[in-house]
Amino acid sequence: MKRDLVFLVTLISLAFLSLLRSGYPQHIAEESCSVQILVPGLKGEAGEKGEKGAPGRPGRVGPPGEKGEMGDKGQKGSMGRHGKIGPIGSKGEKGDNGDMGPPGPNGDPGIPCECSQLRKAIGEMDIQVAQLTTELKFIKNAVAGVRETDNKIYLLVKEEKRYKEAQLYCHGRGGTLSMPKDENANNLIASYINQAGLTRVFIGINDLEKEGNFVYSDRSPMQTFNKWRSGEPNNAYDEEDCVEMVASGGWNDVACHITMYFVCEFDKENV
């Protein structure tokens, strides 16, 4: 196709020259003139690859790409600023009683009153009523039934108290929290619990003075006999320093601040 086009252009050029020569013969004779005909040549072969040009201008910002997958978890950042103080939490449980403080200074003498004798009498009556109330509770528990061995009497007290409160209760009546030091005593207390329809009670064993060193409530060391359940004692939450007996006769270490029923032990010779 390209060759035909070149050939056609050549013919047209020759025809045009012929017309010029026939129309102006004298002028051509007088003046010699050279005419150059520019005809496009054939397409040449591809040249060598040129050098790398200068970088072009930045193009337009393209559309945002698709959302990629979530990357790996980054490293822990530095601690942020302290936030605002949160709302006040709910009221917690009552804590254990603290140690008794030192006695305070003597107060100023009161104003003499004619009713001082009456007030003294009322105060003494209040003390007596409180003592009678306590003794009535004790008698009520005793009437409900006790358990005996050759040397001991055991009383189940159905008043929920913390460990130290239960210990003081028994001491105030000439006894102590029950101390099962052999299989017979342990079985008797377990039977007592079952017949009362209970699941657990405090007994007189603790490691309050030294963690892991359990002793009886009279501070005598434990010997070879024990009834620890599987995995016990475990001192869960680092606060289990007292011991309970469950209905099966097994022992668990528990927190001293919880409340439950308990068993007092008395020597027969002191009753």
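Backbone N, Cα and C atoms are what each Cβ position is placed from, and that goes for glycine too.
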Among C33, C264, Swiss-Prot lists the disulphide partner of C170 as C264
Carbohydrate site partner of E240, E244, N252, D253, V254 (as recorded in Swiss-Prot), chosen from R173, R200: R200
Swiss-Prot has D238, D241 down as binding Ca(2+) 3; which of E211, E265, E269 does it also list for that site? E211
Check Swiss-Prot and name the cysteine among C115, C242 that pairs with C256 in a disulfide. C242
I'd like to know which of the binding-site residues R200, E240, N252, D253 sit within 10 A of D207 (Ca(2+) 1 binding site) at the Cα level. E240, D253
Other parts of the chain folded back onto the compositional bias 'Basic and acidic residues' (66-75), taken as Cβ under 8 Å at six or more residues beyond its ends: none
Can you tell me the three-state DSSP label for D238 (Ca(2+) 3 binding site)? helix
I'm checking region-level scores; what's the whole-number mean pLDDT for the coiled coil (116-148)? 72
Going by a 10 angstroms cut-off between Cβ atoms, which of the binding-site residues N234, N235, N252 has the sparsest surroundings? N234
